[in-house]
Amino acid sequence: MAPTVADRIVQVLLAHGVQTVHGIPGVHNLALFEALDRSPIRVVVVRHEASAAYAADAHGRLTGRPGVCLTTSGPGAANAVAAMGEAQASRSPMLHLTTTVARRHLGAGPSRGVLHEHPEQEALFAPVTKLTRHVAESGAVAGAVDEALGAAAAAPAAPAYVEIPTDVLGEPAPEPHAGGPPARPPAPGRPELRALAARLEAARRPLVWVGSGAAGQAGPILALARRLGAPVVLTHSAKRAWAGGGDPLVPGHPPHEPAVTALCAQADAVLVLGSDLDGMMTQEFRLPLAGVLRIDVDPLRLQVPYPAEVAVLGDAGQVVGGLLALVAETDREGWGPGAVAHADAQAAAALAGEDDAAPGLAFVGALDAALGDREAVVVCDMAIAAYWTAAYLPLAPTRRILYPMGWGTLGFALPAAIGAACAGGGRVVVVCGDGGVLFAVGELATLAQEGLDVTVVVSSDGGYGMLRYDQERAFGRTFAVDLRPPDLPAVARGFGLPAHRIGLGEAGLAGALAQGLDVTGPCLVEVAGAMTPPRTTSPRWPLRG
Ligand SMILES: Cc1ncc(C[n+]2csc(CCOP(=O)(O)OP(=O)(O)O)c2C)c(N)n1
Ligand SMILES: [Mg+2]
């Protein structure tokens, strides 16, 4: 039998190294599921299409290559929109493959009520992608999928979307043309690099600020920072790919801690590598940064939200490599590791003096101890325990941290853990709240069915704790935030997961978390008790004024 469009799509996925597809079948996409079933690609069937997109996003964040989700026409596809918005905001590469109604029903004006029909399905995805394609020509589908995978991965990474009318999938399709080479990032010229190197050498207190777009270059970045004697501040998003672990040049506290804010403010040149300098990291652009030297592949980002003294359009890895060949070693008395150690000691002392910080720090300390030096991906949700984790969990070369910041998308962590577990990288640990876990609680079934090595740590405070804090501040009372808690360990056991509960204040917390990490396959640990949000959350920003 001649290969069909569905077969050709699978060929393209394989050519791009895709090993896993996350999705849900529907009558329109069955031909693609069937072709995948005949291929070596692992198909992970999830319990909601948003979960498929979160899983694809997590794969993208961890590997830099697009994760793939597969949905059916109409509501199946639309269910993925919020998750794609999160991937877009967090600069994560992913591909959403889906279908539409058959060609004979397209272009007929208003919806005629054909199953899953929406005359403007593609338009739903334009705002959350860098590329959308509607491909109704059987000979053009494979090329469009190839193009979409390449576009999603090209920096700045983003989601891409391809929809195919259901009747096209079963048609015979010719051998696809080999795609062109991937687009190369712009390369800065030698004079530009020389000027940048001279500016850095002339600085008395240089600082390097690393975002997700550069985080995969830990080795060269640290080498450059040592040459310059410059502190290295990581954004939350950078921790998805940073292999450098903790380092004497990397503050162990976020820039929201006043001592680290002061460190940033003292810098007279800030080399910004692959970072948006986003509102959440900079307290909505209040963080004082002087002498911004900006390196980014996105020309629209070079002068916003901070004006740059020097702006270089280019790939951070290339620029850092170029600078390493040009910058001489400089001794900067009173700066570098000494200044970082001082800022960390001050931040730690300030936190130790705050009763409010104790529960959050106890959680992070216990998780750190339980993780030890095992390989792990920690997937954070929008929950108080996760805000502490994303900002304060000590870095280690064995650890990656994923965080939806980003778009601030509650419900990200549990489904994202599916993609993280399939991507490899060790034990996956979800840190979420008792509100967020219920967004995708059905994915406990996916974890069990696939036997994924995921530990779901649920911080339970009987409600939307972060909003309680916001309300107390804004209105002096709470409302619409108390949730009747289910018996979470019992729920997990119902899905076939081992589960246990421990109190946040109990001495055995680290042991209980470690027990949850030692399980083969999935398990759930409930940590009962309330925490106060850290200073990285907007109502607690010290620079709010
Ligand atoms: C999609 C989405 N809906 C709503 C919110 C607003 N929100 C942010 S945190 C939060 C509470 C989450 O509750 P829980 O998961 O129990 O964590 P906790 O704050 O209690 O630690 C809510 C509702 C959001 N960020 N994203
Ligand atoms: Mg809660």
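Just so you know, glycine gets a Cβ as well, placed from its N, Cα and C.
Features of the protein shown, as given by TrEMBL:
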type	residues	note
COMPBIAS	169-181	compositional bias 'Low complexity'
DOMAIN	4-122	domain 'Thiamine pyrophosphate enzyme N-terminal TPP-binding'
DOMAIN	194-320	domain 'Thiamine pyrophosphate enzyme central'
DOMAIN	386-527	domain 'Thiamine pyrophosphate enzyme TPP-binding'
REGION	167-190	region 'Disordered'
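The average per-residue pLDDT of the prediction over the domain 'Thiamine pyrophosphate enzyme central' (194-320) is 97, rounded to a whole number. Taken through DSSP, the compositional bias 'Low complexity' (169-181) splits into 0 helix, 1 strand, 12 coil. Look at the domain 'Thiamine pyrophosphate enzyme TPP-binding' (386-527): DSSP puts its residues at 59 helix, 30 strand, 53 coil.
For the domain 'Thiamine pyrophosphate enzyme N-terminal TPP-binding' (4-122), the number of residues in each DSSP class (helix H, G, I; strand E, B; coil) is 51 helix, 20 strand, 48 coil.
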